């Protein structure tokens, strides 16, 4: 199995380290042709407006959207989630891939200095709580009828799934816990 990491900005190295610990081959996706040789893709955290600009400059936006619409599994964390979302509440004109039927609000959990981590029960990962690291995190404010919610914080979804797409408002790559990456790999092999 070969997993791509969208490598134009953000927490690329951290996701790569997690996948290496799981002994998975990684591809740093920087060009459209890289999308042809992977079994799934991670869209890391970073700055969402910059993401869109760089995706379009590298001619990745339309090709990535088509691959995702045709079933390529994806996991988006923080800004990666924003990129996948259908709608952005506080930036309605910002372009997105529109492959996950949710509405998000950018930076809903505050600025950098207000970042935090907390332990959350995520039933699909087992009994042990998962450390969720929120850094200028988006908030999912609305979900479509086919979106599964795997975890919530303060009654808001923080980990969702729709078809081949996983979306997280937090950063699992900033912990030592491999369970979310393992879950994503399982989804990629189905």
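Glycine residues also receive a Cβ, built from the backbone N, Cα and C atoms like all the rest.
Cross-referencing 21, 58, 65, 106 with the L-glutamine binding residues that Swiss-Prot gives (46, 47, 48, 135, 136) picks out 106.
For residue 106 (L-glutamine binding site), the nearest of the active-site residues by C-alpha distance turns out to be 78; the candidates were 78, 171, 173. Counting every protein chain shown, the number of other Cβ atoms lying within 10 Å of the Cβ of residue 106 (L-glutamine binding site) is 20. Separation of the C-alpha atoms of residue 46 (L-glutamine binding site) and residue 171 (active site, charge relay system): 10 Å, rounded to the nearest whole number. Cβ crowding, taken as the number of other Cβ atoms within 10 Å, peaks at 78 among the recorded positions 78, 135.
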